[in-house]
(Lines of atoms letter the chains of each structure in order from A and count residues from 1; the text may use other names and numbers.)
(Lines give C-alpha, C1' and ligand atoms only; values in the text may rest on other atoms or scores of the structure.)
Protein backbone atom coordinates (compact mmCIF):
# COMPACT_ATOMS: atom_id res chain seq x y z
CA UNK A 1 0.00 0.00 0.00
CA UNK A 2 2.93 2.37 0.67
CA UNK A 3 3.97 2.22 -2.95
CA UNK A 4 0.49 3.17 -4.06
CA UNK A 5 0.25 6.04 -1.59
CA UNK A 6 3.63 7.38 -2.69
CA UNK A 7 2.59 7.02 -6.35
CA UNK A 8 5.55 4.73 -7.15
CA UNK A 9 3.04 2.48 -8.80
CA UNK A 10 3.41 -0.37 -11.23
CA UNK A 11 0.52 -2.50 -12.55
CA UNK A 12 1.52 -5.53 -10.46
CA UNK A 13 1.23 -3.48 -7.25
CA UNK A 14 -2.28 -2.38 -8.21
CA UNK A 15 -3.36 -5.94 -9.06
CA UNK A 16 -1.92 -7.19 -5.75
CA UNK A 17 -4.11 -4.71 -3.88
CA UNK A 18 -7.20 -5.60 -5.93
CA UNK A 19 -6.56 -9.31 -5.25
CA UNK A 20 -7.21 -8.68 -1.55
CA UNK A 21 -10.83 -7.79 -2.27
CA UNK A 22 -11.75 -9.36 -5.63
CA UNK A 23 -11.47 -13.02 -6.60
CA UNK A 24 -10.52 -13.92 -10.18
CA UNK A 25 -11.09 -11.57 -13.14
CA UNK A 26 -7.32 -11.33 -13.70
CA UNK A 27 -7.61 -9.85 -17.20
CA UNK A 28 -9.93 -7.06 -16.05
CA UNK A 29 -7.68 -6.24 -13.09
CA UNK A 30 -4.65 -6.20 -15.35
CA UNK A 31 -6.22 -3.78 -17.85
CA UNK A 32 -7.59 -1.33 -15.27
CA UNK A 33 -4.23 -1.32 -13.48
CA UNK A 34 -2.47 -0.45 -16.75
CA UNK A 35 -4.98 2.36 -17.35
CA UNK A 36 -4.29 3.68 -13.86
CA UNK A 37 -0.51 3.56 -14.21
CA UNK A 38 -0.70 5.26 -17.61
CA UNK A 39 -2.50 8.18 -15.96
CA UNK A 40 0.39 8.46 -13.52
CA UNK A 41 2.87 8.38 -16.40
CA UNK A 42 0.89 11.12 -18.15
CA UNK A 43 1.23 13.36 -15.08
CA UNK A 44 5.03 13.15 -15.45
CA UNK A 45 5.10 14.13 -19.13
CA UNK A 46 5.93 17.61 -20.51
CA UNK A 47 2.79 19.75 -20.87
CA UNK A 48 2.77 19.77 -24.68
CA UNK A 49 2.68 15.95 -24.74
CA UNK A 50 0.57 15.51 -21.60
CA UNK A 51 -2.42 17.30 -23.11
CA UNK A 52 -2.40 14.93 -26.09
CA UNK A 53 -2.41 11.71 -24.05
CA UNK A 54 -6.02 10.61 -23.62
CA UNK A 55 -7.26 8.09 -21.02
CA UNK A 56 -7.81 4.55 -22.29
CA UNK A 57 -11.47 4.07 -21.43
CA UNK A 58 -12.70 0.53 -20.76
CA UNK A 59 -15.87 -1.49 -21.40
CA UNK A 60 -16.39 -4.43 -19.04
CA UNK A 61 -18.68 -7.18 -20.30
CA UNK A 62 -20.29 -9.64 -17.92
CA UNK A 63 -23.31 -10.51 -15.79
CA UNK A 64 -24.12 -8.89 -12.46
CA UNK A 65 -22.25 -9.78 -9.28
CA UNK A 66 -18.94 -10.84 -10.83
CA UNK A 67 -16.82 -7.83 -9.82
CA UNK A 68 -17.24 -5.11 -12.47
CA UNK A 69 -18.25 -2.32 -10.11
CA UNK A 70 -16.03 -3.53 -7.29
CA UNK A 71 -12.90 -3.41 -9.45
CA UNK A 72 -13.56 0.23 -10.36
CA UNK A 73 -14.57 1.20 -6.82
CA UNK A 74 -11.51 -0.41 -5.22
CA UNK A 75 -9.29 1.18 -7.85
CA UNK A 76 -10.54 4.64 -6.91
CA UNK A 77 -10.01 3.95 -3.20
CA UNK A 78 -6.43 2.82 -3.77
CA UNK A 79 -5.46 6.15 -5.30
CA UNK A 80 -7.98 8.25 -3.35
CA UNK A 81 -9.61 9.39 -6.60
CA UNK A 82 -13.10 10.87 -6.98
CA UNK A 83 -15.40 8.06 -8.12
CA UNK A 84 -19.05 7.87 -9.09
CA UNK A 85 -21.20 5.03 -10.36
CA UNK A 86 -24.10 6.00 -12.62
CA UNK A 87 -26.65 4.01 -14.60
CA UNK A 88 -26.92 4.83 -18.28
CA UNK A 89 -30.67 4.14 -18.23
CA UNK A 90 -31.28 7.01 -15.78
CA UNK A 91 -30.36 9.64 -18.37
CA UNK A 92 -32.51 11.09 -21.12
CA UNK A 93 -31.80 12.84 -24.38
CA UNK A 94 -31.61 16.63 -24.22
CA UNK A 95 -35.13 18.06 -24.49
CA UNK A 96 -36.81 15.22 -22.55
CA UNK A 97 -37.80 15.17 -18.89
CA UNK A 98 -35.15 13.37 -16.84
CA UNK A 99 -31.53 13.74 -15.83
CA UNK A 100 -29.17 15.18 -18.42
CA UNK A 101 -25.83 13.44 -18.88
CA UNK A 102 -23.77 16.40 -17.64
CA UNK A 103 -25.17 15.80 -14.15
CA UNK A 104 -22.75 12.86 -13.76
CA UNK A 105 -19.86 15.35 -13.92
CA UNK A 106 -21.56 17.74 -11.50
CA UNK A 107 -22.16 14.87 -9.07
CA UNK A 108 -18.52 13.75 -9.39
CA UNK A 109 -17.38 17.30 -8.62
CA UNK A 110 -19.54 17.40 -5.48
CA UNK A 111 -17.99 14.10 -4.35
CA UNK A 112 -14.50 15.51 -4.93
CA UNK A 113 -15.29 18.65 -2.90
CA UNK A 114 -16.42 16.49 0.03
CA UNK A 115 -13.27 14.35 -0.30
CA UNK A 116 -11.02 17.42 -0.17
CA UNK A 117 -12.96 18.80 2.79
CA UNK A 118 -12.47 15.54 4.69
CA UNK A 119 -8.75 15.54 3.88
CA UNK A 120 -8.44 19.12 5.14
CA UNK A 121 -10.50 18.32 8.22
CA UNK A 122 -8.11 15.49 9.11
CA UNK A 123 -5.13 17.88 9.12
CA UNK A 124 -6.78 20.37 11.49
CA UNK A 125 -8.88 17.96 13.57
CA UNK A 126 -6.53 18.02 16.58
CA UNK A 127 -6.63 21.83 16.75
CA UNK A 128 -10.41 21.78 16.30
CA UNK A 129 -10.77 19.28 19.16
CA UNK A 130 -8.72 21.53 21.47
CA UNK A 131 -10.87 24.53 20.54
CA UNK A 132 -14.04 22.49 21.06
CA UNK A 133 -12.86 21.36 24.47
CA UNK A 134 -12.04 24.92 25.54
CA UNK A 135 -15.43 26.26 24.46
CA UNK A 136 -17.22 23.58 26.45
CA UNK A 137 -15.01 24.05 29.52
CA UNK A 138 -15.62 27.81 29.37
CA UNK A 139 -19.36 27.16 29.26
CA UNK A 140 -19.12 24.86 32.27
CA UNK A 141 -16.83 27.02 34.37
CA UNK A 142 -18.55 29.76 36.33
CA UNK A 143 -15.43 31.58 37.53
CA UNK A 144 -14.21 35.08 36.79
CA UNK A 145 -14.46 36.26 33.20
CA UNK A 146 -11.63 38.79 33.59
CA UNK A 147 -8.27 37.17 34.33
CA UNK A 148 -6.48 40.54 34.21
CA UNK A 149 -7.94 41.51 37.60
CA UNK A 150 -7.06 38.16 39.21
CA UNK A 151 -3.96 37.48 41.26
CA UNK A 152 -1.65 34.56 40.30
CA UNK A 153 -3.10 32.25 42.98
CA UNK A 154 -6.64 32.77 41.69
CA UNK A 155 -5.50 32.08 38.12
CA UNK A 156 -3.81 28.85 39.26
CA UNK A 157 -6.89 27.75 41.19
CA UNK A 158 -9.12 28.44 38.19
CA UNK A 159 -6.82 26.49 35.88
CA UNK A 160 -6.88 23.51 38.27
CA UNK A 161 -10.67 23.47 38.18
CA UNK A 162 -10.64 23.71 34.38
CA UNK A 163 -8.15 20.86 34.12
CA UNK A 164 -10.42 18.64 36.23
CA UNK A 165 -13.31 19.52 33.93
CA UNK A 166 -11.18 18.67 30.86
CA UNK A 167 -10.33 15.23 32.28
CA UNK A 168 -13.99 14.49 33.00
CA UNK A 169 -14.94 15.76 29.54
CA UNK A 170 -12.39 13.49 27.83
CA UNK A 171 -13.57 10.51 29.90
CA UNK A 172 -17.17 11.09 28.81
CA UNK A 173 -18.33 11.67 32.38
CA UNK A 174 -20.02 14.94 31.40
CA UNK A 175 -21.82 13.73 28.26
CA UNK A 176 -25.28 14.01 29.84
CA UNK A 177 -24.64 17.45 31.37
CA UNK A 178 -26.64 20.26 29.76
CA UNK A 179 -24.85 23.48 28.79
CA UNK A 180 -25.81 26.67 27.00
CA UNK A 181 -23.71 27.44 23.91
CA UNK A 182 -23.72 29.92 21.07
CA UNK A 183 -23.86 28.31 17.64
CA UNK A 184 -23.88 29.69 14.12
CA UNK A 185 -27.24 29.89 12.35
CA UNK A 186 -26.60 30.46 8.65
CA UNK A 187 -29.42 30.86 6.15
CA UNK A 188 -29.19 28.21 3.37
CA UNK A 189 -28.93 30.51 0.34
CA UNK A 190 -25.99 28.85 -1.42
CA UNK A 191 -28.06 27.19 -4.14
CA UNK A 192 -31.45 27.44 -5.78
CA UNK A 193 -33.32 25.01 -8.00
CA UNK A 194 -34.49 26.08 -11.45
CA UNK A 195 -36.32 24.31 -14.27
CA UNK A 196 -34.42 24.34 -17.52
CA UNK A 197 -34.22 22.10 -20.57
CA UNK A 198 -36.63 19.57 -19.10
CA UNK A 199 -34.54 19.11 -15.96
CA UNK A 200 -34.36 20.43 -12.45
CA UNK A 201 -30.83 21.65 -11.87
CA UNK A 202 -29.13 23.07 -8.82
CA UNK A 203 -27.46 26.38 -9.71
CA UNK A 204 -25.05 28.20 -7.42
CA UNK A 205 -25.99 31.86 -7.48
CA UNK A 206 -23.39 32.93 -4.93
CA UNK A 207 -26.11 34.35 -2.70
CA UNK A 208 -24.65 32.59 0.33
CA UNK A 209 -21.37 34.44 -0.14
CA UNK A 210 -23.04 37.82 -0.72
CA UNK A 211 -25.41 37.62 2.23
CA UNK A 212 -23.34 35.39 4.53
CA UNK A 213 -22.46 38.16 6.96
CA UNK A 214 -26.08 39.31 7.19
CA UNK A 215 -27.57 35.90 7.94
CA UNK A 216 -24.67 34.32 9.86
CA UNK A 217 -26.19 35.01 13.25
CA UNK A 218 -25.35 33.42 16.55
CA UNK A 219 -28.06 31.91 18.67
CA UNK A 220 -28.00 30.34 22.10
CA UNK A 221 -29.11 26.76 22.61
CA UNK A 222 -29.20 24.39 25.55
CA UNK A 223 -27.76 21.00 24.63
CA UNK A 224 -26.28 17.95 26.27
CA UNK A 225 -22.50 18.02 26.02
CA UNK A 226 -22.40 14.87 23.84
CA UNK A 227 -24.44 16.66 21.15
CA UNK A 228 -22.78 20.04 21.74
CA UNK A 229 -19.36 18.50 21.06
CA UNK A 230 -20.46 17.39 17.58
CA UNK A 231 -21.87 20.80 16.66
CA UNK A 232 -18.95 22.81 18.05
CA UNK A 233 -16.38 20.50 16.42
CA UNK A 234 -18.08 20.94 13.02
CA UNK A 235 -17.98 24.73 13.48
CA UNK A 236 -14.31 24.75 14.49
CA UNK A 237 -13.35 22.52 11.56
CA UNK A 238 -15.10 24.92 9.17
CA UNK A 239 -13.18 27.85 10.66
CA UNK A 240 -9.79 26.16 10.29
CA UNK A 241 -9.96 24.85 6.70
CA UNK A 242 -8.94 26.94 3.69
CA UNK A 243 -12.24 27.20 1.82
CA UNK A 244 -10.75 29.21 -1.05
CA UNK A 245 -8.61 26.27 -2.15
CA UNK A 246 -11.18 23.48 -1.75
CA UNK A 247 -12.84 23.97 -5.15
CA UNK A 248 -9.51 24.33 -6.98
CA UNK A 249 -8.05 21.18 -5.44
CA UNK A 250 -11.28 19.23 -6.06
CA UNK A 251 -11.41 20.41 -9.68
CA UNK A 252 -7.83 19.25 -10.25
CA UNK A 253 -8.63 15.84 -8.71
CA UNK A 254 -11.69 15.40 -10.94
CA UNK A 255 -9.94 16.48 -14.14
CA UNK A 256 -6.79 14.40 -13.60
CA UNK A 257 -7.87 11.48 -11.39
CA UNK A 258 -11.67 11.25 -11.66
CA UNK A 259 -13.34 7.94 -12.53
CA UNK A 260 -16.90 7.68 -13.86
CA UNK A 261 -18.37 4.17 -13.92
CA UNK A 262 -21.30 3.95 -16.35
CA UNK A 263 -23.30 0.81 -15.59
CA UNK A 264 -25.93 -0.78 -17.86
CA UNK A 265 -24.37 0.75 -20.97
CA UNK A 266 -25.80 -2.22 -22.89
CA UNK A 267 -29.34 -1.01 -22.13
CA UNK A 268 -28.86 2.07 -24.33
CA UNK A 269 -27.29 0.15 -27.22
CA UNK A 270 -29.62 0.56 -30.22
CA UNK A 271 -30.17 -2.48 -32.45
CA UNK A 272 -32.36 -0.63 -34.92
CA UNK A 273 -33.40 2.95 -35.55
CA UNK A 274 -37.03 3.10 -34.50
CA UNK A 275 -39.11 3.73 -31.38
CA UNK A 276 -37.25 3.61 -28.08
CA UNK A 277 -33.98 2.81 -29.85
CA UNK A 278 -33.91 6.32 -31.30
CA UNK A 279 -34.13 7.79 -27.79
CA UNK A 280 -31.38 5.43 -26.58
CA UNK A 281 -29.17 6.55 -29.44
CA UNK A 282 -29.86 10.14 -28.40
CA UNK A 283 -28.50 9.41 -24.92
CA UNK A 284 -25.39 7.88 -26.47
CA UNK A 285 -24.84 11.00 -28.57
CA UNK A 286 -25.27 13.18 -25.48
CA UNK A 287 -22.73 11.09 -23.52
CA UNK A 288 -20.22 11.17 -26.39
CA UNK A 289 -18.99 14.81 -25.98
CA UNK A 290 -18.38 14.28 -22.26
CA UNK A 291 -16.25 11.21 -22.95
CA UNK A 292 -14.46 12.93 -25.84
CA UNK A 293 -13.72 15.91 -23.60
CA UNK A 294 -15.90 18.93 -22.98
CA UNK A 295 -16.35 21.79 -20.53
CA UNK A 296 -19.16 21.24 -18.01
CA UNK A 297 -20.56 23.98 -15.80
CA UNK A 298 -20.80 23.05 -12.13
CA UNK A 299 -21.53 25.18 -9.08
CA UNK A 300 -17.82 24.93 -8.24
CA UNK A 301 -16.61 26.12 -11.64
CA UNK A 302 -16.07 24.74 -15.14
CA UNK A 303 -14.76 21.15 -15.30
CA UNK A 304 -12.84 19.78 -18.30
CA UNK A 305 -13.72 16.09 -18.82
CA UNK A 306 -10.90 15.35 -21.31
CA UNK A 307 -8.85 13.26 -18.88
CA UNK A 308 -11.52 11.67 -16.71
CA UNK A 309 -11.34 7.86 -16.92
CA UNK A 310 -14.64 6.32 -18.06
CA UNK A 311 -15.34 2.67 -17.31
CA UNK A 312 -18.56 1.35 -18.87
CA UNK A 313 -20.13 -1.98 -18.00
CA UNK A 314 -23.01 -4.17 -19.04
CA UNK A 315 -24.19 -7.77 -19.32
CA UNK A 316 -24.71 -7.45 -23.10
CA UNK A 317 -27.16 -10.36 -23.11
CA UNK A 318 -29.51 -8.79 -25.66
CA UNK A 319 -27.05 -6.44 -27.36
CA UNK A 320 -23.38 -6.37 -28.28
CA UNK A 321 -20.77 -3.63 -27.81
CA UNK A 322 -20.90 -3.25 -31.59
CA UNK A 323 -24.54 -2.10 -31.23
CA UNK A 324 -23.32 1.13 -29.64
CA UNK A 325 -22.89 4.00 -32.07
CA UNK A 326 -19.45 3.78 -33.77
CA UNK A 327 -18.24 7.08 -32.31
CA UNK A 328 -18.90 5.85 -28.76
CA UNK A 329 -17.28 2.48 -29.46
CA UNK A 330 -14.17 4.33 -30.58
CA UNK A 331 -13.93 6.12 -27.24
CA UNK A 332 -13.69 2.77 -25.41
CA UNK A 333 -10.60 1.19 -26.98
CA UNK A 334 -10.26 -1.46 -24.27
CA UNK A 335 -12.89 -4.18 -24.00
CA UNK A 336 -12.65 -7.01 -21.49
CA UNK A 337 -15.04 -9.88 -20.85
CA UNK A 338 -15.34 -10.95 -17.22
CA UNK A 339 -15.84 -14.64 -16.48
CA UNK A 340 -18.76 -16.16 -14.60
CA UNK A 341 -17.83 -17.25 -11.08
CA UNK A 342 -16.97 -20.92 -10.54
CA UNK A 343 -17.66 -22.90 -7.36
CA UNK A 344 -14.01 -22.40 -6.39
CA UNK A 345 -14.35 -18.63 -6.90
CA UNK A 346 -17.42 -18.55 -4.67
CA UNK A 347 -15.56 -20.48 -1.94
CA UNK A 348 -12.74 -17.94 -2.04
CA UNK A 349 -15.19 -15.04 -1.91
CA UNK A 350 -16.75 -16.60 1.19
CA UNK A 351 -13.52 -16.96 3.13
CA UNK A 352 -10.39 -15.48 1.49
CA UNK A 353 -11.05 -11.84 0.60
CA UNK A 354 -9.98 -9.18 3.08
CA UNK A 355 -13.52 -8.49 4.27
CA UNK A 356 -15.04 -11.81 3.26
CA UNK A 357 -18.69 -12.64 3.81
CA UNK A 358 -17.90 -15.18 6.53
CA UNK A 359 -15.68 -12.68 8.37
CA UNK A 360 -18.57 -10.21 8.29
CA UNK A 361 -21.05 -12.69 9.80
CA UNK A 362 -18.54 -13.88 12.42
CA UNK A 363 -18.00 -10.25 13.46
CA UNK A 364 -21.76 -9.65 13.67
CA UNK A 365 -22.30 -12.61 16.01
CA UNK A 366 -19.28 -11.54 18.07
CA UNK A 367 -21.41 -8.57 19.17
CA UNK A 368 -23.62 -11.16 20.94
CA UNK A 369 -20.48 -12.75 22.44
CA UNK A 370 -20.91 -15.81 20.21
CA UNK A 371 -17.88 -17.50 18.65
CA UNK A 372 -19.25 -18.60 15.25
CA UNK A 373 -17.31 -20.99 13.04
CA UNK A 374 -17.93 -22.57 9.62
CA UNK A 375 -16.63 -26.01 8.65
CA UNK A 376 -14.96 -26.41 5.25
CA UNK A 377 -17.76 -28.78 4.20
CA UNK A 378 -20.38 -26.15 5.05
CA UNK A 379 -18.54 -23.52 3.01
CA UNK A 380 -18.28 -25.95 0.07
CA UNK A 381 -22.02 -26.65 0.24
CA UNK A 382 -22.98 -22.96 0.37
CA UNK A 383 -20.76 -22.25 -2.65
CA UNK A 384 -22.16 -25.25 -4.55
CA UNK A 385 -25.75 -24.26 -3.83
CA UNK A 386 -25.11 -20.68 -4.96
CA UNK A 387 -23.43 -21.85 -8.16
CA UNK A 388 -26.30 -24.20 -9.05
CA UNK A 389 -28.92 -21.53 -8.44
CA UNK A 390 -27.01 -19.13 -10.69
CA UNK A 391 -27.13 -21.79 -13.41
CA UNK A 392 -30.81 -22.61 -12.96
CA UNK A 393 -32.12 -19.05 -12.76
CA UNK A 394 -30.78 -15.57 -13.41
CA UNK A 395 -27.03 -15.39 -12.79
CA UNK A 396 -26.54 -12.97 -9.89
CA UNK A 397 -22.91 -13.90 -9.32
CA UNK A 398 -21.56 -13.38 -5.80
CA UNK A 399 -24.62 -11.34 -4.83
CA UNK A 400 -26.62 -14.56 -4.45
CA UNK A 401 -24.26 -15.66 -1.65
CA UNK A 402 -25.89 -13.09 0.63
CA UNK A 403 -29.32 -14.64 0.13
CA UNK A 404 -28.07 -18.18 0.77
CA UNK A 405 -26.20 -17.11 3.91
CA UNK A 406 -29.28 -15.35 5.26
CA UNK A 407 -31.37 -18.52 4.83
CA UNK A 408 -28.71 -20.61 6.62
CA UNK A 409 -28.25 -18.14 9.49
CA UNK A 410 -31.82 -16.85 9.91
CA UNK A 411 -32.64 -19.03 12.96
CA UNK A 412 -29.36 -18.13 14.66
CA UNK A 413 -30.03 -14.42 14.18
CA UNK A 414 -33.40 -14.96 15.86
CA UNK A 415 -32.31 -17.25 18.73
CA UNK A 416 -28.85 -15.98 19.74
CA UNK A 417 -29.69 -12.46 21.02
CA UNK A 418 -30.42 -12.81 24.74
CA UNK A 419 -29.26 -16.45 24.90
CA UNK A 420 -26.27 -17.89 26.80
CA UNK A 421 -24.84 -19.63 23.74
CA UNK A 422 -21.10 -18.92 23.45
CA UNK A 423 -19.92 -21.21 20.63
CA UNK A 424 -21.54 -22.58 17.50
CA UNK A 425 -20.28 -24.28 14.34
CA UNK A 426 -22.09 -24.22 11.02
CA UNK A 427 -21.39 -27.68 9.56
CA UNK A 428 -22.59 -29.56 6.50
CA UNK A 429 -25.55 -31.16 8.29
CA UNK A 430 -26.73 -27.79 9.58
CA UNK A 431 -26.60 -26.23 6.09
CA UNK A 432 -28.42 -29.20 4.53
CA UNK A 433 -31.07 -29.09 7.24
CA UNK A 434 -31.78 -25.40 6.66
CA UNK A 435 -31.85 -25.89 2.89
CA UNK A 436 -34.18 -28.92 3.14
CA UNK A 437 -36.60 -26.98 5.34
CA UNK A 438 -36.77 -24.31 2.68
CA UNK A 439 -36.85 -26.68 -0.30
CA UNK A 440 -40.62 -26.99 0.13
CA UNK A 441 -40.67 -23.33 -0.86
CA UNK A 442 -39.25 -22.19 -4.16
CA UNK A 443 -35.65 -21.34 -3.21
CA UNK A 444 -35.17 -19.46 -6.46
CA UNK A 445 -38.03 -17.22 -5.37
CA UNK A 446 -36.80 -16.60 -1.84
CA UNK A 447 -33.05 -16.40 -2.40
CA UNK A 448 -31.92 -13.48 -4.54
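Including glycine, each Cβ sits where the backbone N, Cα and C put it.
Secondary structure from DSSP puts residue 23 (ATP binding site) in coil. Just so you know, the Cβ of residue 23 (ATP binding site) picks up 20 other Cβ atoms within 10 Å once every protein chain is counted. Annotated ATP binding site per Swiss-Prot: 23, 65, 66, 67, 68, 69, 70, 263, 327, 399, in sequence order, evidence recorded as sequence analysis.
Largest CA to CA distance in the ATP binding set (23, 65, 66, 67, 68, 69, 70, 263, 327, 399): 34 Å, whole number. The binding-site residues in question are 70, 327, and the one with the fewest Cβ neighbours inside 10 Å is 327. Listed in sequence order, 28, 60, 62, 263, 313, 338 are the same-chain residues six or more apart from residue 68 (ATP binding site) with CB atoms under 8 A from its CB.
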